[in-house]
């Protein structure tokens, strides 16, 4: 049809076929052709209408034409074009209906398939109603031929082969079906004709169609041939072809693409059925002239033959049927192997890709999706062990979506019955909607997207993670995301995607943010990394309980403490503390139940507050966050009445170890049974009785009770600020002048978007970039080394490859406003690559922050940056070494360099970051170290028991001197069940600062504080005086390690202790000799008599000889070690002289001071230089029992309340009046 206005220039042809000009007047009654594409010429139109000329345009139109320009040529070229006119032909319409259109062609193929199946059923009906005797007695069916006259007519009756007994209804139906099939075949041949008719005629499907349809059509015109045999059973092959085409059209119609495996299985099954059906029908028909087998016997014979069983009870008797069997076997040997080969290939490809997660399972079961770039066995096991550690998600399924092929080790693990039923591996990309559909992402409960931290280009790895997060959000907007980002500057992109969809922002973990903040706190709060790692791991506290050593049992039991939450009105722990202060609730909950209350969240405020202080009044709608061995819902409470008095009053909180607040904690199957006295926490037992002896100097050793409601007269207003004012007042003139150079404020330049603003100590004006270089003098500063600066406090050195934006989070916690000014440590950044101006702009506002170029494997760089004046050296894992050819070799260079520094500078505390946690065993490696071997065996036992913290007993980790960022992967996994874990971890590490929320700090227990005696009394002391909440202890204690010498040396050195025992020297002598005489009984009997005779005479002589040998051995060992130490000391002194540095601080390692020894002890290493037998180890105790005794040099982890929260108006007068807060000499803060 013509369009609504076919036109050329100003003349239009409307739908009614009349030509009109622009003034809508009828120009002609010329019809417009409906076939289109017609271009009407103006001149022809004028001639048809009789118009001689076109009237000239008016002045108005001429003026308009003058303004707009001459567009006549453009209008003359405008034509009307109709597209796809070739599809309007009759053949194209038929082709569109029968072939091209998916839905209509699908209906045609289904109809064709039904016709072929119907013909096969009609054949079976004809066979069932066939009567060969009637055919043999019918003379009309006798045809002259060699089969009826030759001598073989007695064996093969060809008449029975050529003619059948076909009933009239069956014949009529077959004729109708054949006619329809014939017409359809001819029509499809006509539609698919492409110029070569013979190619279409000799197609197998067309020949079969003609063979099964033409004879029936002929019988319509020649009735005597109605009973002629037609091999209609061959239509089964046409039905197979129609079924394949039908399935293909069905997949196209429903847009199903992953169906190759299903198609191949269907083709194989159809091929087998067609072979069996063809053989059955063919043998049955040919055997009509022989044994006259039934259809069932023929089927039985075919099944037995094709299955290669061959019983032989049913066999073909005549040669035509035997020939057919041979042909069918040959066809089967050719066709079936090809089908099976294709099936096996597709099966192997399916195993690689992982198949699909069915929609039915996704709707009836719960599952989460794990998206990774490359899946390794360590990552998989960490995720599965932590994810399935929670009881309520045991029924969840894990669908892994990874673009790479499954690793051999991963495949082996996924075949374990424990995981094979719950973990599904799919090979695919999160950027493809097809793969997301396979994983049923829209029905998933959550999606974990992990970055590949082993990539050489970590920025590119983050970009891939961001695209995955965007793709998942685009496909499934309601699916919660749990994303791991490596670089902090890339966190903004993921947060922006989540924020746009109004989803929570707390499901993003930035690796470098947490890493640098944790390493920074390790310098001021030892073992913070171990503390946080243990808190974010799921454990029952059963690790190490079978160990014979007490520290391992205590350390393992306390490691089971985790962070939980509960509403106050639903809590048995905290319900009774409604309308009381937070500090009161925290102390009495720990006293009565053994739980540590660390924070709350108000109902009208979404922010979590850590230790909001005593001014916060607990409400029933508050959500409480506490540390305990398990959550309250899994706890059983057993109340019992205590025995009345028995000569003991209730004036003490902890009168004896037998009357503990928590009498028994039984961790079994996730349930804790607590047995405690049914006493009122607000009764008379709130005060400690003073000890029998008083402290030195007449100090009153009593502990004040914790008040239910905060009393403004008893609380210290703005505690930390007063502490700082006190520091400023008591400083010397020189120190005051330097202290006044610092101001408090927010850093003006943040290196990336998304960093939380933190109030810090800042310089009044930014330092010039040249002044930040430690090893180079400038016009402002003439110093060239750390010694010349004359720092009052020890240095903190950070060794990193590049100055990334994450390094900013190392500086901020160390310059936070709550750090006393006099305790600020200078920070030196030892960088392989010099920083850019953007990074220098961000750190120029912080006081005492410097940088220099160098590496830790260069002794000159270490000496120039002031390693001799440093307390802590932080070694950050280098990005360039993370991707090694052998995965676990990525830490090789770091480990060797750290061991070198340890030998050169034994008093230096080295905090190391490793790529793989399993490599931490090399941080204190010594050949034949018996204790390390014992710890290795303990680690293997705990891993076999299914522990997620098998590495926790390694001494470097327990001491907090080794850290791996992969340990924090569990933080992201736990956030699926505990959505508050990421905010709490950020608050503890100082990454976020919420008004009113406390911060993590530490307190050192000195000798003057030991009168407190127990951890429970310390809890009360802190709550009543400074409102601080202790959460754990970092303990260093001496330990007797076994000797690490050889068997011979062990025997010699142990002689002094065992010489009084008469049997042990024989054993020791035998072990040292290593004789093989035990293999010769006769020689052993002869030597025993000689030994007994000489033993009495030579006992004294042997004692003296062994003593001399022992002394000589120790002297040689001492001299060799002395020589090694002197050599190292001389090396350091020479390098310092070469660099022009002052050598007065280069001391011999043999003359270590007490502080050096303690720093060395805190390393967690075995001290070769001091003593081979007497050593110390350090470990963390999270939320220990109230009766845990305090020890000298214990470091207590505290959550101190925010000093800027609820600042009273009178606090401004503290500094002006010169008053200081009450003296508490027992609390020495770090």
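Quick reminder: no glycine exception, Cβ is built from N, Cα and C everywhere.
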Quiz prompt | Per TrEMBL, the range holding region 'Disordered', considering 959-999, 1000-1040, 1041-1081 | solution = 1041-1081
Quiz item: Which one of 204-222, 223-241, 242-260 shows up in TrEMBL as transmembrane segment?
Solution: 204-222
Quiz item: Which of these ranges is annotated transmembrane segment in TrEMBL: 90-109, 110-129, 130-149?
Solution: 110-129
Self-check item: Long-range neighbours of the transmembrane segment (110-129), counting only residues six or more past its ends (CB under 8 A)
Solution: 164-167, 170, 173-174, 177-178, 180-181, 184, 212, 232-233, 235-236, 238-239, 242-243, 246, 277, 281, 284-285, 295
Exercise. Would you kindly list the residues that approach the transmembrane segment (265-286) from elsewhere in its chain, counting only those six or more residues past its ends and only Cβ-Cβ distances under 8 Å?
Key: 120, 123, 127, 161, 229, 231, 233-234, 236-237, 240, 243-244, 247, 293-295, 297-299, 301-303, 305-306, 316, 318, 320-321, 324-325, 328, 331-332, 335-336, 339-340, 343
Quiz item: Sequence-remote contacts (6 or more beyond its ends) of the transmembrane segment (323-340), Cβ cut-off under 8 Å?
Solution: 264, 267-268, 271-272, 275, 278-279, 282-283, 286, 302, 305-306, 316
Quiz item: By DSSP, what is the split of the domain 'RCK N-terminal' (365-509) into helix, strand and coil residues?
Solution: 65 helix, 27 strand, 53 coil
Quiz item: How many helix, strand and coil residues does the domain 'RCK N-terminal' (793-933) contain under DSSP?
Solution: 62 helix, 29 strand, 50 coil
